[in-house]
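Okay, structure first, notes after.
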Amino acid sequence: MDSKSGRSESAINIPESNSTKHKSTAVHTATKVAAVAPRGGGWRRGVSIFDFILRICALAAALAATATMGTTDQTLPFFTQIIQFQASYDDLPVFTFFVVANGIASGYLVLSLPFSIATIVRPHAAAIKLLLIIFDTQFNDFCQRVSGAVVASFVAAVILIFLVVLSAVAIRKH
């Protein structure tokens, strides 16, 4: 297999026919070499299928979180039935942001599913790559700022996850 071109060659031996077997001429076996291009996109298709499954799982988790938080409320009597405390997600701005952010993430995931299916069907589609190249070459400042914002967002998410784990450990010890 030629590693530079990505093609493999296979030899096809063609035996002599019955009409030439009985002749006393020299026997020649013809060998034809055909270039066989391997079917590409195998690993890309696998990655695309894994991407699609992860998107569906993330969509299910985001929708479950949004629905659970959005429908959570409780009324607690305090001393008597006349004085009551009511807790709802919209009492705290953090929980409201949580519901809105998960709703937006769910919408994004729903809208991105057709593109994920397209990468499964056609793993060699170059439109997305070309669009990224166009944005990177034309909007250099924009791409750098977006990259920085995404990295900062991931750092914030990791810190928040760490804070949740730390809070869980602190609550467990009490």
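Just so you know, glycine gets a Cβ as well, placed from its N, Cα and C.
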Based on Swiss-Prot, are P77 and V146 on matching sides of the membrane?
yes
List, by number or range, the same-chain residues at least 6 past the topological domain 'Extracellular' (68-96) whose CB is under 8 A from its CB atoms?
102
